[in-house]
Amino acid sequence: MALLKPFLSRTFSSFFATITGGRNLIDSIEELITTNYWLIFVMIIVCTCSAPSNGAFFLNDPYGYPFVSLQDDSIESVSATTITTTTIISTIITTTTATQRIFQEKAKTFGQSAEEIQKVKYYLEKIQKFEAKQHPEEIRQQHTTKNSEAIKDDLQIAVEVAKFEKRQKDSITLNPEENGQYYEGDIVLDAQQAHEIYESMIQHGRRTKRKFIRSELRRWDSHKPIIYSFDGSHTIREQRVIELALEHWHNITCLNFERRDDEIQENRIVFTDVDGCASNVGRHPLGEPQFVSLAPECIRLGVIAHEVAHALGFWHEQSRPDRDNYVTVRWENIDRDSKGQFLKELPTDVDNGDVPYDYGSIMHYRSKAFGRYEDLFTLNTNIMDYQKTIGQRDQLSFNDIRLMNVIYCSDSCAQKLPCQRGGYTDPRRCGRCRCPDGFTGKLCERIMPGFGADCGGRIELTSSWKRITSPNYPRDFKEGQECSWLLVAPPGQRVQLRFYGEFEMYCKVRHSLCMDYIEIRNSTDFANTGMRYCCYGTPKSSIMSATEDMLVLFRSFYRGGKGFQAQVRALPTTVFNIRTVRSMDEFNANLNKHAVADS
């Protein structure tokens, strides 16, 4: 072992120097093979022995299409049997062309002139100063994790700053688009958009934008392929991951994408690596390229899907005019220069397609976005148990997809099917319904079978307790397993669920975000993302359904663990205790009741 130590030390030093020394993947691999062939040999043996035989990193698509999991951020190759290759017209060009060099030059300023950049900067500074005056509260340590304490003096502030800087890398890795220098972190405004937001803010105290851009000039023509190009700044592997995200958008909407790297005419999306994760919003109204910047830390399918959504016309979820009914902005905890990132839209200028507010949207900020310190909550969900739902970047939510289809694909199918459980006619396959997670079948009439485990199903309840658990409980479940239960009470009764025993589901404790989770949908609309439970403490309160049904989803995307067990039963409405209810319908009913009383 003593003889091996110097050799291993030199080998690993050479290995990391090669990897970190440049962006050219092919050259790096060639150098590694020629100079570190013993290490490569050992790595091949180890990887061959340890690779899962069932392809565990390929997850089940809840929407019925084969695609690589949005959780997997390290895809090197894709099986032809797993990914359809005909959905996107793509011609890969491995050398930088003259056209790509033109795109690279334009991408440095996102296609804007120096005058336009100065105008945007001017209005953003105005917005920042206005919001700082509107919310001058000093920092207070409220609604933080249990280990957080109030900041008492300069010494403790210094400690917090040190901790914050130490955690920056982890924060950027989690939701890198929130750490950008642009509007709301990752939105590159043009001069007209910046002016409109500022004027609206001065007049109304909020911005005039919406979850989806209203202007027809900025919408893409859904009857033609959306042209996209690469400017040559991404590796072949990075290009393929980006195309997988486009392929996912293709599969779940009526939109088609076509790659053309060899011309500069026509509106198009150009993928570049110029500055973090960032995008313009919607199509350029004058036919110029619409740039999407994806740095190496952004090459994750969930983050790419988020940025492509901006390019197609999406703004952020928590900026909707009805957001105060669902989240509370902790202005006192927001970084002083970032308060303009939490502006709200006008209710008279909204295009949300009648799609309700979605805690699980891939466009939603996480709980601690733009905090002055990382332990400070900047967004609190008004129903506490949704706190770990917001901010996910794993996959597009059902309502994200539904809104995109409402905007672009409403005329794709001649007939609308009588879909159940909140589903709607699939614009890509008009003979079937697109179903919420947990349901399947032509009309969403069946509960989705377990994936990777024999679990889930429909359970008819009585007044006696029944038990449901994660696979293999009390032993560990495995990564990639999924279970869906539909709990059904007799007519006129409700479903009660309570957790007990050991509970362990992987989460980002510091960021208050579930990675693996048990999700409970207990409202009247199963299309809405439910409350997600995770981390390492057993939830205490009982959960009641708003109707006779409750949907329970177990999803293990990242790693195995102990899991959960829960008791379920039916209860008459006369036994119903309002304090145990956690339901969007009950919450909205209370909001309406208070609104009537106040008026």
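Heads up, the Cβ atoms here are built off N, Cα and C, so glycines get one too.
The shown structure was predicted, so the numbers you read here are calculated from the model rather than taken from an experiment.
What Swiss-Prot lists as signal peptide is 1-22, and the listing cites sequence analysis.
Summarising the annotation, Swiss-Prot assigns domain 'Peptidase M12A' to 211-410.
Annotation comment: Swiss-Prot describes ASN251 (among others) as N-linked glycosylation site, evidence class sequence analysis. For the recorded site, ASN251 (N-linked glycosylation site), the DSSP three-state label reads helix. Other Cβ atoms within 10 Å of the Cβ of ASN251 (N-linked glycosylation site) number 21 in total over all chains.
Residues within less than 8 Å, Cβ to Cβ, of CYS254 (disulfide bond) and separated from it by at least 6 positions along the same chain comprise SER222, ASN405, TYR408, CYS409, SER412, PRO427, ARG428. Here Swiss-Prot flags CYS254-CYS409 (among others) as disulfide bond.
What Swiss-Prot lists as disulfide bond is CYS277-CYS298 (among others).
The Zn(2+) binding site feature in Swiss-Prot is assigned to HIS306, HIS310, HIS316; the stated evidence is sequence analysis. The Cβ of HIS310 (Zn(2+) binding site) has 25 other Cβ atoms within 10 Å, all protein chains considered.
The active site annotation in Swiss-Prot covers GLU307.
Under the heading domain 'EGF-like', Swiss-Prot lists 405-445. Within its own chain, the domain 'EGF-like' (405-445) has Cβ neighbours under 8 Å at 62-64, 212, 219-220, 222, 251-255, 312-313, 351, 353-355, 398, 484, 486, 521, 525-528, 551, 553, counting only residues six or more beyond its boundaries.
Taken from Swiss-Prot, the feature disulfide bond covers CYS413-CYS433 (among others), and the record attributes it to sequence analysis. Around the Cβ of CYS433 (disulfide bond), a 10 Å sphere holds 26 further Cβ atoms from the protein chains shown.
Look at Swiss-Prot and you will find CYS435-CYS444 (among others) tagged as disulfide bond, backed by sequence analysis. A sphere of 10 angstroms centred on the C-beta of CYS435 (disulfide bond) encloses 28 other C-beta atoms.
The domain 'CUB' annotation in Swiss-Prot covers 455-571.
Within the same chain, residues at least 6 positions away in sequence whose Cβ sits under 8 Å from that of CYS483 (disulfide bond) are GLY450, PHE451, ALA453, CYS455, GLY456, SER470, PRO471, LEU553, PHE554. CYS483 (disulfide bond) falls within a strand when secondary structure is assigned with DSSP. Summarising the annotation, Swiss-Prot assigns disulfide bond to CYS455-CYS483 (among others) and lists sequence analysis as the type of evidence.
According to Swiss-Prot, the N-linked glycosylation site annotation covers ASN522 (among others).
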Roughly how many angstrom lie between the C-alpha atoms of HIS310 (Zn(2+) binding site) and CYS413 (disulfide bond)? 25
Measure from the Cα of CYS433 (disulfide bond) to the Cα of every one of the recorded positions ASN251, CYS277, CYS298, HIS306, GLU307, then give the nearest. ASN251
Taking only the recorded positions CYS277, CYS298, HIS306, HIS316, CYS435, which one has a CA atom nearest to the CA atom of ASN251 (N-linked glycosylation site)? CYS435
Three states by DSSP: which one describes CYS298 (disulfide bond)? helix
Determine, from DSSP, whether CYS277 (disulfide bond) sits in helix, strand or coil. strand
Taking only the recorded positions CYS298, CYS435, ASN522, which one has a CA atom nearest to the CA atom of HIS316 (Zn(2+) binding site)? CYS298
